[in-house]
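See below for the structure under consideration.
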Amino acid sequence: MKLFLAIVLILMLQFLSTGAETSDNHASRSTTALRDWLLGPKAKRCAVTHEKCSDDYDCCGSLCCVGICAKTIAPCK
């Protein structure tokens with residue numbers, strides 16, 4: 001199942017990266033937005049409230065900002 005999902009994701013990314021244009025502007029905007037979301041810089045978010053975090057003080061409770069707000073073994077910076 002994981003292999004199938006990985007293959008589908010790779011094919012979708014390959015299709016999006018070829019710059020294939022569609023005649024429908026909405027579809028073109030949707031694929032551009034999806035490509036930007038998949039390949040763009042990843043925003044750090046709180047896992048509970050899904051709010052963006054840029055540092056540990058933006059996180060919920062004792063969570064650390066490490067890609068998302070998450071519980072870590074080592075203390076936060």
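Each residue, glycine too, has its Cβ placed from N, Cα and C.
The record in Swiss-Prot pairs Cys64 in a disulfide bond with Cys76, which is drawn from Cys53, Cys76. For the pair formed by Cys69 (disulfide bond) and Cys76 (disulfide bond), distance between Cα atoms is given as 10 Å, rounded to the nearest Å.
Cys59 (disulfide bond) falls outside any helix or strand according to DSSP and counts as coil. With the fewest other C-beta atoms within 10 Å around its C-beta, Cys76 stands out among the disulfide-bonded residues Cys69, Cys76. Taking all protein chains in view, 25 other C-beta atoms sit within 10 angstroms of the C-beta of Cys59 (disulfide bond).
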